[in-house]
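Asks: The structure's right below; bear with me while I get my questions together.
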Amino acid sequence: MLHIKCKDTDLDPIPVKIGIIGGSGLDDPDILENRQEKVISTPYGEPSDALIQGEIGGVQCVLLARHGRKHDIMPSNVNYRANIWALRDVGCTHLIVSTACGSLREQIKPGNLVMPHDFIDRTTKRSQTFYDGSATSPRGVCHLPMYPAFSERTRNILIEAAKELEIPAHEKATIVTIEGPRFSSRSESLMFREWGGDLINMTTCPEVVLAKEAGLLYGSVAIATDYDCWRMGCEGVNVQDVLKTFAENVIKVKKILVNAVGRIAKEDWSEDILNAKQCVCNNTMSGAM
């Protein structure tokens, strides 16, 4: 079982270890040096695939394919709890992830990159917490505040990485996560726009929630692959267009993630890491993770 010390005031530099969660094209182990596979079992079952541990520029990193390396796990069936638990268990302090999404805004064009800052959860079948009352879960009930939803400092690292590489990126967006695997109806797509959604995908929730509950600093790079189906007079989203646009832009995301790893490693994150853990402790009743 994982444990977090709720009153740890030791602010000596804490070594960072960065988890990278990717989809198709972003689970390439060649970005890691000195790589080794590690198979992990968790109290919540098996992760999507083996963890691949290694280094990027001398920085300890762990790669995990969200949908498995064969991309044979649909979004509803991803074991998000096992994925996050496994990455936390091997010592990750940060998670930087990629996600394909549809655009709900004219100005976010297919092929554009976006750093989401908030979410709307429309999933229906997914476990949202480690504190589920089972014999192997942490004790208590965690009422986790989800503002801010993402680690602002990690988000800013990703934004600065894109700027240094001269890769245009939208710096804010609210992402709607639907259950899938189907795409939205037109009425749903229009409704999400009215709600303030800018992007739509199938994986951010509960991944971002569980990462925060595990005390990890989470940031995401989203690739807009299509306009969903809200635009009148236009064909809706289809898988072939999604895959084509994703493949055309995946190298840009890889460059941003690699650059961000180096930037994260240059800074002292001790206070952020301890504050993230303290947030969990402060909002857990009758126990701590």
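Each position is counted from 1, following the chain as shown.
For all residues, glycine too, the Cβ spot is worked out from N, Cα and C.
From Swiss-Prot, for reference:
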BINDING   Ser24, Arg66, His67, Thr99, Ala100, Thr203  phosphate binding site
BINDING   Met202, Asp226, Tyr227, Asp228  substrate binding site
SITE      Ser184  site 'Important for substrate specificity'
SITE      Val239  site 'Important for substrate specificity'
Asks: Nearest by CA distance to Tyr227 (substrate binding site): which of the recorded positions is it, out of His67, Thr99, Ser184, Thr203?
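Replies: With Cα distances computed to Tyr227 (substrate binding site), the winner among His67, Thr99, Ser184, Thr203 is Ser184.
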Asks: Going by DSSP, give the three-state secondary structure for Val239 (site 'Important for substrate specificity').
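Replies: In the DSSP reduction, Val239 (site 'Important for substrate specificity') maps to helix.
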Asks: For Val239 (site 'Important for substrate specificity'), write down the residues of its own chain that are at least 6 apart in sequence and whose Cβ falls under 8 Å from its Cβ; none is a fine answer.
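Replies: In sequence order, no residue meets the Cβ cut-off.
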Asks: Please give me the CB contact count at 10 A for Arg66 (phosphate binding site), counting all chains in the structure.
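Replies: Here the count is 24.
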Asks: Would you measure the largest Cα separation among Met202, Asp226, Tyr227, Asp228 for the substrate site and round it to whole Å?
Replies: 15
Asks: Over all shown protein chains, what is the count of other CB atoms within 10 A of the CB belonging to Met202 (substrate binding site)?
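Replies: Excluding its own Cβ, Met202 (substrate binding site) sees 23 Cβ atoms within 10 Å.
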